[in-house]
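Engineer: Taken from TrEMBL, the feature transmembrane segment applies to 12-30, 75-95, 102-122, 227-247, 259-286, 324-343, 355-378. What TrEMBL records for 123-292 is domain 'Lipase maturation factor 1/2 N-terminal'. The annotation domain 'Lipase maturation factor 1/2 C-terminal' is assigned in TrEMBL to 403-541. Marked as region 'Disordered' by TrEMBL: 615-658. The feature compositional bias 'Basic and acidic residues' is assigned by TrEMBL to 618-628. What TrEMBL lists as compositional bias 'Polar residues' is 629-651.
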Amino acid sequence: MAGSRLPRQLFLQGVAAVFMFAFASLYTQIPGLYGPEGILPARRTLRPQGKGRWQQLWETPTLLWEAPLLGLDTAQGLELLSLLGTVLALGALLTRPLRHPLVYLLLWAAYLSVCQVGQVFLYFQWDSLLLETGFLAVLVAPLGLPPNHKQAPQGRPGGVSPHEGLPFWLVRWLLFRLMFASGVVKLTSRCPAWWGLTALTYHYETQCLPTPAAWFAHHLPVWLHKLSVVATFLIEIAVPPLFFAPVRRLRLAAFYSQVLLQVLIVITGNYNFFNLLTLVLATALLDDTHLAATSSTSRRKRTPSSFTFHQFSQWLKMVTLPTMWLGAASLAWELLTALWRWVQVRGSLQKLCAAVPLSVLGTATVALFLISLVPYSYMEPSSHGRLWTGAHRLFGTVEHLQLANSYGLFRRMTGLGGRPEVVLEGSYDGHQWTEIEFMYKPGNLSRPPPIVVPHQPRLDWQMWFAALGPHTHSPWFASLVLRLLQGKAPVIRLIQNHTPSYPFHKQPPTYVRAQRYKYWFSHPWEQGRWWRRQWVEEFFPSVSLGDPALDMLLGQFGLQDKSPPRARGSSNTLSQALHWIRRQLSPLEAPTLLWGLLGAVGAIKVMQALLGPQSLPRSKEEKHKPASQEDSVAASKQASPAPNISSSSQTPRRKKSP
């Protein structure tokens, strides 16, 4: 059996990196999104209703309830949580002692707290995915040193905890749910573009924030786009069951297929930390042997036979429950393997110490698996109704904690007749209008698409969703218009961080309106242009401050400032520190800040490798641990047993899921 210690460490580092990016990206946007002068002030979301403290915390689980005790308002509490989350995640990424369950529990609790008040700007699948992954990291992270095994069963190295593989199996199950559901919903949606294999002829130019490479991908031959759709279906539907294959090479092939898909998405689209998080989940398909040596895999593509939606529905009904049983069987194997490892532990005290974490984590793993079956079955209604009622009750109890979620990316392809885009305009006289250009979303026809990953400009993303329907489907848009008419600097910095680039930086516009356009990528022969567009209709009427139409919309959606926020206490030391940090970081654009963090991590890692080599301490420990993996491998290569290695370590290794 190949171990999974290296993949688990890689997973924990990856989760820490994603948390760091998520917190840092959100921090740069808090004043404009959630501050007192923001689009959706966070103070409106937390209003005590006369309930007990613990009941209030259980129903709305957020640490921000305690912000007033620190002399902070809700927005300042958000800033504090984001800064602490960034620093804590950075520490876990750099130092192994901080990859502790308590650290990941704090990261998960901080991000859950943020999401509770994030409103529509944090209603993204990757936010839910990060919460679910973060909670799994709490279980995967080692609590302490593993128990001492006096013999290495089944040829495994000594010192392997019986329970260590159980939580990591949940990571593989989450990856399966994510990818399999994402493939299935493309077909259950009956989207003609997916069924006709033409989705990628639209996707590159209609996705929220394309990269420059998306322009080139869009102009590839149609036959290649169709072949890519077929490959996507294979990777998302046919490959995921191989995550549980007993044959190691099948799991590795499945891993590299997922890596291929995610890397191609990163190249052609700005999907913030989502692709990195998916790759982090894919580490559950690896093992120590593979990470310790270089190996190669091959890929092949096949063209499927055509079939109807009815046939697909019947197929989905037929396979949904079996995939659950596949997961249950794989989990049962993991439980039996853990139990076998526990049986091999020598000594009553050591066995008792190993039994406690095995019982706790085994129970937690089974419970989380049962909970996850409920959102997983959403994609097939009849299977959802046939689930055990206990699973439904358990899921309902903890649903607000977002421990398990349903997923389904790119369900339907939008913009088949052109990419809808909302363009804001301002004017001083109501006759001459000036377009308000955003930093990231398409607007100027001559500006190339930006590269902003791993940052997520959440206002730009919501502008993309707003363009898909009337403005009344996006209530926050009226509040955005109000803030622009008021000339609120925090909101303006969401649109243009460099203030002189904002056309109304000297004086707010008297009137603001919005137009809906359809955008397409430019043709290859159009020099100096990346986009072309056509006006469609007025999206939001011209309004000014005090306009009855604007006031009616704000009142209808509960966005009027009936009670102004209390003044922030300048004497509060913590508040002053937060204000100073904000003032130092505000000149930096968010992508620059995130890439700076990444560069700092890389530099520190290099310094750690140069100044703190681990080879000497490890070699000394090996003198006292003859059952280690290195000795076992060396013994097998030299065909002579090393001293003090038990005979059980000479048995052939069996293939299993990591």
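Every residue, even glycine, has its Cβ placed from backbone N, Cα and C.
TrEMBL: automatically predicted annotations, no manual curation.
Note that this is a predicted model, so its numbers are computed, not measured.
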Engineer: By DSSP, what is the split of the domain 'Lipase maturation factor 1/2 C-terminal' (403-541) into helix, strand and coil residues?
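Structural biologist: So the counts come to 33 helix, 34 strand, 72 coil.
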Engineer: I'd like to know the mean pLDDT over the domain 'Lipase maturation factor 1/2 C-terminal' (403-541).
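Structural biologist: For the domain 'Lipase maturation factor 1/2 C-terminal' (403-541), the model's average pLDDT rounds to 94.
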Engineer: Any chance the transmembrane segment (227-247) and the transmembrane segment (259-286) are in contact, meaning at least three CB pairs closer than 8 A with a sequence separation of 6+?
Structural biologist: yes
Engineer: Using a Cβ-Cβ cut-off of under 8 Å, list the residues of the same chain that are 6+ residues beyond the ends of the transmembrane segment (355-378) and lie near it.
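Structural biologist: Residues packing against the transmembrane segment (355-378) from afar: 136, 139, 143, 161-163, 166-167, 169-170, 173-174, 177, 181, 320, 324, 327-328, 331, 334-335, 338-339, 342, 384, 387-388, 390-392, 394-395, 398, 403-407.
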Engineer: Can you name the far-off residues of the same chain, 6+ from the ends of the transmembrane segment (75-95), with a Cβ under 8 Å from a Cβ of it?
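Structural biologist: 12-13, 16-17, 19-20, 22-24, 26-27, 30-31, 34-36, 38, 41-43, 63-64, 66-67, 103-104, 106-107, 110-111, 113-114, 117, 568, 574-575, 578, 581-582, 597, 601, 604-605, 608.
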Engineer: In the same chain, which residue numbers or ranges, 6 or more beyond the ends of the transmembrane segment (259-286), come under 8 angstroms Cβ to Cβ?
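Structural biologist: Counting only partners 6 or more residues beyond its ends, the transmembrane segment (259-286) has Cβ contacts under 8 Å with 4, 6-8, 10-11, 14-15, 17-18, 21-22, 25, 125-126, 129-130, 133, 168-169, 171-172, 174-175, 178, 204, 207-211, 213-214, 217, 232, 235-236, 243, 251-252, 299, 440, 450-456, 658.
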